Amino acid sequence: MVSKSARSITVLTKPLPVSSVSIYDYKPSPETGVLFEIQYPEKYNVFTRVNISYWEGKDYRTMLYKDFFKGKTVFNHWLPGICYSNITFQLVSEATFNKSTLVEYSGVQHEPKQHRTVPYPPRNISVQIVPINRNNWEEHSGNFAEESLMGPQEIIRKEKLSHFSDNPSEIPAANTSAAWLDYRYNSTEYETTSQPYWWSNEAESSEGEEEFVNAVSSDFEASDVNTSGKLMPEPPSFLPVQMVLTWLPPKPPTAFDGFHINIEREENSTEFLTVSEDTHKFVAELKEPGKYKLSVTTFSSSGSCEVRGSQSAKTLSFYISPTGEWIEELTEKPQHVTVTVLSSTTALTSWTASQESGSNSTIVSVVSLTCQKQKESQRLEKHYCTEVNSSSSLIENLVPGAQYQVVIYLRKGPLVGPPSDPVTFSIVPTGIKDLMLYPLGPTAVILSWNRPFLGVFRKYVVEMFYFNPSTMTSEWTTYYEIAATVSLTASVKIANLLPAWYYNFRVTMVTWGDPELSCCDSSTISFITAPVAPEITSIEYYNHLLYVTWTYGGDGTDLSHSRMLHWMVIAEGKKKIKKSVTRNVMTAVLSLPPGDIYNLSVTACTERGSNTSLPQLVKLDPAPPKSLFAVNKTQTSVTLLWVEEGVADFFEVYCQQAGSGQETNAQEPVTVSSHVVTISSLTPATSYNCSVTTFSHNSPSIPTFIVVSTMVTEMNPNVVVISVLAILSILLIGLLLVTLVVLRRKHLQMARECGAGTFVNFASLERDGKLPYNWRRSVFAFLTLLPSCLWTDYLLAFYINPWNKNGLKKRKLTNPVQLDDFDGYIKDMAKDSDYKFSLQFEELKLIGLDIPHFAADLPMNRCKNRYTNILPYDFSRVRLVSMNEEEGSDYINANYIPGYNSPQEYIATQGPLPETRNDFWKMVLQQKSQIIVMLTQCNEKRRVKCDHYWPFTEDPVAYGDITVEMLLEEEHADWVYRNFRISYADEVQDVMHFNYTAWPDHGVPTTNAAESILQFVQMVRQKSAKSKGPMVIHCSAGVGRTGTFIALDRLLQHIRDHEFVDILGLVSDMRSYRMSMVQTEEQYIFIHQCVQLMWQKKKQQFCISDVIYENVSKS
């Protein structure tokens, strides 16, 4: 079998043909460019280029074009004004095989197209206006012979050439005359599209002439009578003028067949003329005054394509007045247009224009852009909703909040030039009024406000500023937007607020403009939301102490950044017990007298509000009587006395013979309301078991028992002698003990002069009034039953052991003195070189030795203490609020000290260190303190006592996050007064700073300066009457001069209302809150001297009052 070799053939298939074609002008250059858009089957249709074939006039052309994208391309290679016909498109496929190229063309299935490009416009278009001499009007008004017309040289001799551009007209239209135009041009062939009745064609020119005008020679003399003796007609009020319009052909290469001349008068009479391509000049006589517009365009019409005209290169305008005066077109527009807003209702416009512009007035056109953006029913302004034109540069009747656009036109007579570039300006809104806040519980408020009567705005924007615990940032956030309405009032409810939190709310009005304007940032109101009510969770009572525990909010409630100040725990019974607890602690211990029913509540307190828990009723059982004694025994009676503890309505006393067990031998119970009772009708020489039970609110206490025996009837003489000797021995021992007491503690007098009603004992009775002293009253003040003072001496020695130092550490000392006896008391205390003062001051040194101060001993806090031996107690120290949760971040060497008006009236602190000055200002701001008393100088005896923690000048200085600005500084003889303004975020606080400079460290002012320091203390007290927050007092260590100042301030207020003082008790009380208060014995004695001066001044005031009263009585 013979095999034959195979032969392969390469075949290139034809692409599918174009189905439809569209041709458009290329807008950037319609004279030379077109946009081709072809459609063809896309699926399985592969081609590389497009073959374009067409006839350019009589020439056939074809080209391959590959720049088609999605069937579209811009073809910018044609000539202007040419008719392109029989335009077809073929898709071309190309391939290369064995170094040979294969090409296949698709067929032509679409309808051939034709297109004419736009011709270029004529060039150098100009117009010439020639007035006709009035003296030659008579000849011109007759039948003119062709030879009487002037040549071009005569026309040029009178011409006045102007170039104009198109502009809007504001001239009122005049009545159109029946004939206002005669014309001629330099071509023997012309065509008019219309010839209205007011046309008057003159004879055509000869071949040698270039232009014709309807004019007469200026040399012709005017005459009332012609040469034939006939009367000449009167010349009209308006003499016709001649207009010469010239131009050049369009730039080559342009195919064109003629020109279109468009003449428009008063915008309502138009004449359209067509002239041949050889005509380049047009002459016409204008017979009517008015405003004229001229334009000349090129047209192309040869071929089968539609006729196309060029774009209008230039429109010329001018005005001819009824008197024959003509005004050139204004072509210059105003430059550097600016608008200056003078007020919320007026603005002033300004611009510049050259002197060559020829303008004699302007038009200021104003329109409100805001009004165009609003619905008609919502418009708050009406005046500039449509364009308002004025000749004044001052724009009035503007509305706050609106945005306006101003355009300036130059004007010359009735002609108005082109507009300036528009200028946009806005009027800032005036902002809301009467912003009010109404709280709705701890988590919601209502904001209400009024809008100004005159104003335009788009919306209200409600914003709030607060510390966000989630992001740990403080910033303004938009809470709500309210669309503008015509209502004069608006309100919004803001919910989901944090309790006990500081908020700042702002309501601004936002305009419609671009960019938006808003007003005003000052439309703000601050508020601290109320706290939620705490919930009491636990109540326990033992050892006369009530332990209360409560919760606040949910489990995740964080109080570190809230504005919670403290908790107020109140137990209200027959006596009202209050205790303030710092916000970070949710437990309290109250010392409540037993036997009463208390209404217990816990109140969460902020600066501006509070919220109280549901009250809890606590009933405490009465306490049994304390220290039951039997005295003044006889054969048939015995006197029982005891000390009441807590609240008691009455006491029940019951006595029964010891060991009898028979009811017949029992005494009837005795009910008494006092602390002493005498039981009579007893059997001599008999022992009795007696009990005393306290009753309160119908509840009995546990009884207190005592065994007493009555005296025998007769006694053996020997027994009498022995008894007498025993009594004498007891008396001798008692005298020895008393002698030891006198020698050891010379300040104790013989049992406070035997029977005195006030001295130290264990029964504590609280007196009503502002922060009273604790008075210890002995039950013996009520008795006259004791035979001698020896009982008193014995009991004092029994109950108070003066050598027990542990007892002194845990209790407060007291030594009240009547002010009438104060002069003698000081003389007695000053004997033997102030020996008794020294004894009292030694006792004060034992106060507070066992009170802990762990926070001050932490390693990170030791550097914050100026002195290592002056440390704040933990229970009374001031705690800083800090976002830093590190241990020790809340520490500052400062303690709360109770005052005459408040349990936290003062803050005693050390002089700030450079490391603690920021913490000092933070404490002042957080505690809302408005008074700082500085009792030291920064440097004393070449030693630094305190940091200069305030600005040296009036320029603000930042101390951490707090900015301090000194507003005022006044120097006096012994002190300096300064006024500071401290700010943090949006919180601003004014602080008064009193710096006493005449007080030495560890010492006191001179004797003559006692009155000066009292004046200083009283001045600070008067300034503090309107202040908020505790008064911050500091010297160097914050104990010596600081404690002396606080003591004098409290005593000034106390002496005003009382007739006694207890300086020992006062200093003891202060030392139980901060160690070493009143640091030296010299300062302790100085306080006594100042009290003596206070009392003298008070007695002087009493004397003056008595004299005035006596004089009034006599009159």
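Glycine is treated like the rest: Cβ placed from N, Cα and C.
Mean pLDDT, taken over the domain 'Fibronectin type-III' (227-323), works out to 83 on the 0 to 100 scale. Under the heading domain 'Fibronectin type-III', TrEMBL lists 227-323 (among others).
Under DSSP, residues within the domain 'Fibronectin type-III' (333-430) fall into helix, strand and coil as 11 helix, 45 strand, 42 coil. Sequence annotations record features per position, and here TrEMBL assigns domain 'Fibronectin type-III' to 333-430 (among others).
If you look up TrEMBL, you'll see 530-623 (among others) marked as domain 'Fibronectin type-III'. Taken through DSSP, the domain 'Fibronectin type-III' (530-623) splits into 0 helix, 50 strand, 44 coil.
With helix defined as DSSP H, G or I and strand as E or B, the domain 'Fibronectin type-III' (624-716) counts 3 helix, 46 strand, 44 coil. The annotation domain 'Fibronectin type-III' is assigned in TrEMBL to 624-716 (among others).
As annotated by TrEMBL, domain 'Tyrosine-protein phosphatase' applies to 837-1094.
What TrEMBL lists as domain 'Tyrosine specific protein phosphatases' is 1011-1085. For the domain 'Tyrosine specific protein phosphatases' (1011-1085), the DSSP counts in helix, strand and coil order read 48 helix, 6 strand, 21 coil.
Look at TrEMBL and you will find 719-743 (among others) tagged as transmembrane segment.
Per TrEMBL, the feature transmembrane segment maps to 779-800 (among others).
Ranked by the number of CB pairs under 8 Å to the domain 'Fibronectin type-III' (530-623), the listed stretches 227-323, 333-430, 837-1094 are led by 837-1094. Counting residues of the domain 'Fibronectin type-III' (227-323) by DSSP class, helix then strand then coil, yields 0 helix, 50 strand, 47 coil.
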